[in-house]
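Structure record follows, encoded as structure tokens.
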Amino acid sequence: MNSTLDGNQSSRPFCLLTFGYLETVNFCLLEVLIIVFLTVLIISGNIIVIFVFHCAPLLNHHTTSYFIQTMAYADLLVGVSCLVPSLSLLHYPLPVEESLTCQVFGFVVSVLKSVSMASLACISIDRYIAITKPLTYNTLVTPWRLRLCIFLIWLYSTLVFLPSFFHWGKPGYHGDVFQWCAESWHTDPYFTLFIVMMLYAPAALIVCFTYFNIFRICQQHTKEISERQARFSNQSGETGEVQSCSDKRYAMVLFRITSVFYILWLPYIIYFLLESSTGHSNRFASFLTTWLAISNSFCNCVIYSLSNSVFQRGLKRLSGAMCTSCASQTIAKDPYTVRSKDPLNGCHI
């Protein structure tokens, strides 16, 4: 009787969420649903963001668009890489052994999310320079320097997590859907501290410092403009107020993206530190905090679509161009359809 039970347990697949196991289909149902759902959202959402940036030149007038597009590409790659654990949970054969697969997957996702984190820090620095040094901003922030900065972000993120291949420890819990990563690959308190000190802490401090000063300066400018308008109600004062409000609104959009990022990543970072220092792990907490952090790869799309009016216009124009393309194909197939005299709308705004 006991041997029969042991045989049944050994035939069951490895599941972090054991209560999500469904014996009739023999896979971890809840894990598959969560990961596949997030994967579809992340891939589709970031493809839309990339296309909108391509089709809306006004979005590229801000230098921050370099970093935002970098985040979109990194998040898109996160979604694509999440196909690996999805296929594994559905019992598709892996091309290489499980230990190497989960190590590479954990490393890749850690690097990609590090790129997003570093890009957010660079965005805050860019906005800080734009507000504190508006006259010299165009000479300080050039396209060549922005491209160099993006290259350094990718290089730095790779170097921070590269020691995970040299037995320094596990860089995170992204690969824990694989049994080998969850049971045989352990975190190391020194490597965890290294990651926090080299990435998480500096990025958070930079963001807090820059946005605190940005909103303080914007508030001060608004107060000065209001006082000036009270004395002299002229056209220049109104223009200054419009420019100040525009900078503040754009800073608020970026601040929302940054805030949501750290809200979703904070539980993961706390669990990462606690698990590494105490050695006590919890599979449910590991899965929940990890995929909550990964879900941020989709949240940026939602925040932009709700907060940025130029992005909304670009999204409408993109959807209009797609509908026009579908309509033109329908007209081509039906020669009796009356053609419109208006030219097809492009995607430029």
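Cβ atoms are placed via backbone N, Cα and C, with glycine included.
On the 0 to 100 pLDDT scale, the domain 'G-protein coupled receptors family 1 profile' (45-304) averages 81 in the predicted structure. Annotated domain 'G-protein coupled receptors family 1 profile' per TrEMBL: 45-304, in sequence order.
Annotated transmembrane segment per TrEMBL: 32-59 (among others), in sequence order.
According to TrEMBL, the feature transmembrane segment maps to 71-92 (among others).
Here the transmembrane segment (104-125) has long-range neighbours at 64, 67-68, 70-71, 74-75, 77-78, 81-82, 84-85, 149-150, 153-154, 156-158, 160-162, 164-165, 170-175, 178, 181, 185, 199-200, 202-203, 206-207, 210-211, 214, 254, 257-258, 261, 265, 293-294, 296-297, meaning same-chain residues at least 6 beyond its ends whose C-beta is under 8 angstroms from one of its own. Feature annotation from TrEMBL assigns transmembrane segment to 104-125 (among others).
For the transmembrane segment (146-169), same-chain residues at least 6 beyond its ends with a Cβ under 8 Å from one of its own Cβ atoms are 63, 66-67, 70, 103, 106-107, 110-112, 114-115, 118-119, 122, 186-188, 190-192, 194-195, 198-199, 276. Among the features that TrEMBL reports, transmembrane segment is placed at 146-169 (among others).
According to TrEMBL, the feature transmembrane segment maps to 189-214 (among others).
Sequence-distant contacts of the transmembrane segment (253-274) (same chain, six or more residues past either end, CB-CB distance under 8 Å): 64, 113, 116-117, 120, 123-124, 127, 172-173, 187, 192, 196, 200, 204, 207, 211, 215, 280, 285-286, 288-290, 292-293, 295-296, 299-300, 303-304, 307-308. Residues or ranges marked as transmembrane segment by TrEMBL: 253-274 (among others).
TrEMBL lists 286-307 (among others) with the feature transmembrane segment. Sequence-distant contacts of the transmembrane segment (286-307), counting only residues of its own chain at least 6 positions beyond either end whose CB sits under 8 Å from a CB of the stretch, comprise 16-17, 31, 34-35, 38, 41-42, 45-46, 48-49, 68, 71-72, 75, 78-79, 82, 109, 113, 116, 172-174, 176-177, 182, 252-253, 256-257, 260-261, 264-265, 267-268, 270-272, 275, 315.
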